[in-house]
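Engineer: Pasting the relevant annotations from Swiss-Prot:
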BINDING   Arg41  L-glutamate binding site
BINDING   Ala75, Ser76, Trp101, Thr152, Asp171, Gln194, Asn236, Thr237  pyridoxal 5'-phosphate binding site
MOD_RES   Lys195  N6-(pyridoxal phosphate)lysine
Amino acid sequence: MRAYNFCAGPAALPTAVLEKAQQELLDWQGKGLSIMEMSHRSADYVAVAEKAEADLRKLMNIPENYKVLFLQGGASLQFSAIPLNLLGKNNKADYIHTGIWSEKALKEAKRYGDINVVEAGIKVDGKFAISEQSEWNLSDDAAYVHYADNETIGGLQFAGVPDVKAPLVCDFSSSILSAPLDVSKFGLIYAGAQKNIGPAGLTIVIIRDDLLDQAKAEIPSILKYADQAKNGSMVNTPSTYAWYLSGLVFEWLLEQGGVDAIHKVNLEKAQLLYGYIDSSDFYNNPIAIPNRSIMNVPFTLADEALEKQFLKEAEANHLLNLAGHRSVGGMRASIYNAVPLEGVQALIRFMDDFAKRNG
């Protein structure tokens, strides 16, 4: 049987998608070869790539004046690519700091520009939270404002989209496609694929057309969004299989009823899990309710010494990858789009049984 996979990334993929990929692996649509072996310049592959983009545009309702790029190097490469692409005419940017991933982004940006760090991570009644925008020291003349919507490691998520004057840039790696989003509020959106989009090796960048001419002169051509946009994200050979598989995920999402429909399921999963944790004396979640992530649910046990036993027994019950990030410890259940409601229900049953036996 397939286990329930709560990994933060590379994450669970829909079983139907994996089955279709398996079925097409050796002989893609009767062509006598795998799509992995196909030239990225061939008419067949270009059609696959174009359909993936069209389906993503449909899912996210992406306006015409935005380019969608299918790039390589993970979201971490974009920590450099973004300032190199956007600080060519104005060297100043604001970075909102709420956790480990936004910190990685701002540290990299400091190598290329004059970065104003907005400290927005706070504690409310002992729980981690994000401060009100009225308390932020935003610049009047920033080229852009950067934030990470969902801190995958901490399980901390913005309750809404910040309202700023400068173009808004956001790392949506662990929350893209999990809830409806007004793309027109952003100058640039980026996301590593390996959580809600597809397998590792692909990064999506959605950029408004007017920002394509802001690059620094010294930017490597492979990182230049304008060059990638002109060349259909194929300045060099793209991650063809990851692009294809992501296209299958987009098809699957459309079949589920799109982002609105999957969002309802995601809310149900999150409410069930947080509801159980809050009702328990044995488990604790460290995040203030308004800023709880609907994708990444961290929790601790009443006795830290039981963690290894919890993970071992969880694995024996086909509940995988529940260890928290090495930097923070504890547990974390990542409940992305492909994790079914039944998986969360099975996790809660196990957690309840474990607490009764060890509490």
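Cβ coordinates are placed from backbone N, Cα and C, and glycine is handled just like the others.
Give me the local environment of each listed feature.
Structural biologist: Sequence-distant contacts of Arg41 (L-glutamate binding site), defined by Cβ-Cβ distance under 8 angstroms and a gap of at least six in the same chain, are Met234.
Sequence-distant contacts of Ala75 (pyridoxal 5'-phosphate binding site), defined by Cβ-Cβ distance under 8 angstroms and a gap of at least six in the same chain, are Asp171, Ser173, Tyr190, Ala191, Gly192, Thr203.
Cβ neighbours within 10 Å of Lys195 (N6-(pyridoxal phosphate)lysine), excluding its own Cβ and spanning all shown chains: 30. Following the DSSP three-state reduction, the secondary structure of Lys195 (N6-(pyridoxal phosphate)lysine) is coil.
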Engineer: Hey, what's the Cβ neighbour count for Thr237 (pyridoxal 5'-phosphate binding site) at 10 Å?
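Structural biologist: Taking every protein chain into account, the count is 10.
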Engineer: Rounded to the nearest angstrom, how far is the Cα of Lys195 (N6-(pyridoxal phosphate)lysine) from the Cα of Thr152 (pyridoxal 5'-phosphate binding site)?
Structural biologist: 10
Engineer: Enter the number of other CB atoms within 10 angstroms of the CB of Ser76 (pyridoxal 5'-phosphate binding site).
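Structural biologist: For Ser76 (pyridoxal 5'-phosphate binding site), the count of other Cβ atoms within 10 Å is 16.
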Engineer: With a 10 Å radius around each C-beta, find which of these binding-site residues (Thr152, Gln194, Asn236) has the fewest other C-beta atoms nearby.
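Structural biologist: If we count Cβ atoms within 10 Å for the binding-site residues Thr152, Gln194, Asn236, the smallest count is at Asn236.
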